[in-house]
Amino acid sequence: MELQPPEASIAVVSIPRQLPGSHSEAGVQGLSAGDDSELGSHCVAQTGLELLASGDPLPSASQNAEMIETGSDCVTQAGLQLLASSDPPALASKNAEVTGTMSQDTEVDMKEVELNELEPEKQPMNAASGAAMSLAGAEKNGLVKIKVAEDEAEAAAAAKFTGLSKEELLKVAGSPGWVRTRWALLLLFWLGWLGMLAGAVVIIVRAPRCRELPAQKWWHTGALYRIGDLQAFQGHGAGNLAGLKGRLDYLSSLKVKGLVLGPIHKNQKDDVAQTDLLQIDPNFGSKEDFDSLLQSAKKKSIRVILDLTPNYRGENSWFSTQVDTVATKVKDALEFWLQAGVDGFQVRDIENLKDASSFLAEWQNITKGFSEDRLLIAGTNSSDLQQILSLLESNKDLLLTSSYLSDSGSTGEHTKSLVTQYLNATGNRWCSWSLSQARLLTSFLPAQLLRLYQLMLFTLPGTPVFSYGDEIGLDAAALPGQPMEAPVMLWDESSFPDIPGAVSANMTVKGQSEDPGSLLSLFRRLSDQRSKERSLLHGDFHAFSAGPGLFSYIRHWDQNERFLVVLNFGDVGLSAGLQASDLPASASLPAKADLLLSTQPGREEGSPLELERLKLEPHEGLLLRFPYAA
């Protein structure tokens, strides 16, 4: 019979002890006859051997248990008979022997019960017939551990591939097939590499060139803010450098880049001897106050430009009879205040200074000799283009403020003519834009055009220059007893405490700061756009026709976002007929542009507007933007 063990099974082979109950009586007789306990045990074992020799079938596990129980009863009965027939001493000795023997036999019998339960699995190694079972020493299967592989996959894994040896690998690598394959792959690699290199070269060659950014100074990046009268700027009962220091946060909110301050030096009206450009008038503060103001302004990225116009309290700003003396004083003052840390200077009314061009050239050399980052501003009341150009010819980096645009009238065509003529005459020179050298916008413009001019000044190529109060539309004519050139700044409704109702909330800084549609809010937005957009910072300028009464132009720089400005100076609504034929290919107009802001309320900002159907309200200005298109 072929042995078929289960997976990972263990075959058990043992020789059990049998205590058949049918032959236990002989053991009892031996005990009752006075034999010792060893004889009784021997009889029980002998009876078991006789049972094995008889050839009877092996009892089952339950029968074995019955036999063991019957045998135990017989042994107990034999013990009782022994007690009845023996003397006490012998009884005690026999009792101890029987008790020990029974304890040992009981322990053995319990183990035999456990072994007999496994009997069906313990068959003879060679059980061809029942006769073989009669042999007392018949061989039975013992405990044999057989380890069987779990499955064929495990057997296959045992014989896994260990790879080629070095000699085998070299032999295969040198075969003709692999040699051809390696050459083919190497050729494909270099062809791919050369293709990518050629593609990169083509992209670089055909890509549009990025324009080099022009060198820019700090005054190129934003507006300048003039405070000619400290007392008027700070209001009644104030007007010193310490008070101005407290207003620097307000100037910072306007996003202005420079503060044009003063004059604040000592000046006796029309007395050159009592005019000291090196000393600060005690009414305004001390040198220490000025130094503190400089440090605080620099922390807020605001540059300080000092006005050194000598006779600012007199009739003639330059003491016409003592020009050389005054020129020497100015020269000394430039060197002194440069050392003190100022960022530039302003001199006004230079049309009253004899040989102004030569003096300006000398002062410019002193300023630039100290640092290229220092600025000189000259102011004139002239609106004549030729006179303005004569002042600019010999002074390359001079920034000039004038009344040139104050004669613009109220038509878009005339304003367009003035701007384009000025830009063409000055060429590549950096310009500045204002309506005067010191006065407010309201001195030249009606209230309905203030927003329009703010938009224009912030978007023309150059530096916009404003006076304090221009951001809120400060109008001296609307205030009782105020001078035209320096009215009191309206911070809140308490600016005129002696005249109740003289100032309304919408006229003040406080009231307009809370109104997103106010002139002040528009000023701040335009100033912010002007300082961060490349096209507005140093972009090209192209004016083009848009229809009667309109002034339109485009600002663009390289591949940056473009800005379109359309201004309606008229008193009626107009339709803009934007003619892109006037523009170069680099400044072509799209069909639509997004509205960035309008000077009039009611338009949805960010909405696309069709340029062919563009309509403007009276005195409305639009700032639109559109992306670069190759």
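Every residue number used here counts from 1 along the chain in the order it is shown.
Note that Cβ sites are derived from N, Cα and C of the backbone, with glycine treated the same way.
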Swiss-Prot annotation, phosphoserine - which of Ser32, Ser103, Ser296: Ser103
Stretch carrying region 'Disordered' according to Swiss-Prot (options 15-39, 515-539): 15-39
Feature phosphoserine, as given in Swiss-Prot - residue among Ser41, Ser72, Ser165, Ser495: Ser165
Winner by Cβ contact number (other Cβ atoms within 10 Å) across the modified residues Ser406, Ser527, Ser531: Ser527
Cβ neighbours of Lys166 (SUMO2 cross-link) where a neighbour is any other Cβ within 10 Å: 7
Proximal but sequence-remote residues of the same chain as Ser165 (phosphoserine) (Cβ under 8 Å, at least 6 apart): none
Mapped DSSP class for Ser165 (phosphoserine), helix or strand or coil: coil
